[in-house]
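Everything below concerns the one structure shown next.
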Amino acid sequence: MSEKYVVTWDMLQIHARTMAKLLLPAEQWKGIIAVSRGGLVPGALLARELGIRHVDTVCIASYDHDNQRDLNVLKRAEADGEGFIVVDDLVDTGVTAKAIREMYPKAHFVTIFAKPAGRPLVDDYIIDIPQNTWIEQPWDMGVVFVSPLAGK
C-alpha cells in the first residue's frame, strides 16, 4: 500500500455516531454481530449509541498487520442475520465481505470505511478510502511523546 490514512480515537467515535444515526430507529434491530477484530470497537460504539445489549461476534482471520492472507473462520454467530447489524471497520477487497454475506444473507452489513473494490458489498458505510491506502486504526497505534522542534 502506498498511502496511509491515520484514524484517531476521536475520529472513530464521530464516524460511529454518524453510522448509528443511519441505523435509527434502534428498535428494528435484534442485535449486533461484530467482525473480529476490526469490527469490535465500532460494534461496541454502535451498541452504546443504539442501546443494543445483544452483541455477538464472528471471528475471521484474514490479515497479519498489513498483509492479506487466506480467510479463516474461527467462530461464527449462529443466525442468518435477520434483524442484525453486522459491523466491520472496513471493507477492502471484498473477500471478507463476501464471506459475511454468505454467512448472514439477511443482515444489514455496515463498515466505517469502504474501498472501491468492496463498496458494493456493504449496505452502509461512512468514509470513502482509495484502494491503495492502508488504514492505521487507533487500536494499532500508541500515543508517544514527541519532542518539540525547537526543543532542548
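Cβ coordinates are placed from backbone N, Cα and C, and glycine is handled just like the others.
So that you can see what the record holds, here are the features copied from Swiss-Prot:
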- R37, G38, R69, D88, D89, L90, V91, D92, T93, G94, V95, T96: 5-phospho-alpha-D-ribose 1-diphosphate binding site (BINDING)
- R69, D92, T93, G94, V95, T96, W134, I135: GMP binding site (BINDING)
- D89: Mg(2+) binding site (BINDING)
- D92, I135: xanthine binding site (BINDING)
- D92, I135: guanine binding site (BINDING)
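The secondary structure of R37 (5-phospho-alpha-D-ribose 1-diphosphate binding site), as reduced to three states from DSSP, is coil rather than helix or strand. A distance of 16 Å separates the Cα atom of V95 (5-phospho-alpha-D-ribose 1-diphosphate binding site) from that of W134 (GMP binding site). When the C-alpha distances from R37 (5-phospho-alpha-D-ribose 1-diphosphate binding site) to the binding-site residues G94, T96, W134, I135 are tabulated, the minimum falls on T96. A straight line from the CA of T96 (GMP binding site) to the CA of D89 (5-phospho-alpha-D-ribose 1-diphosphate binding site) spans 12 Å. Taken residue by residue with DSSP, G94 (GMP binding site) is part of neither helix nor strand, so it is coil. Of all Cβ atoms in the shown protein chains, 27 besides its own fall within 10 Å of the Cβ of V91 (5-phospho-alpha-D-ribose 1-diphosphate binding site).
R37 (5-phospho-alpha-D-ribose 1-diphosphate binding site): 17 other CB atoms within 10 A of its CB, across all protein chains. Other C-beta atoms found within 10 angstroms of the C-beta of V95 (5-phospho-alpha-D-ribose 1-diphosphate binding site) number 18, with every protein chain shown included. All protein chains considered, the CB of T93 (5-phospho-alpha-D-ribose 1-diphosphate binding site) has 15 other CB atoms within 10 Å.
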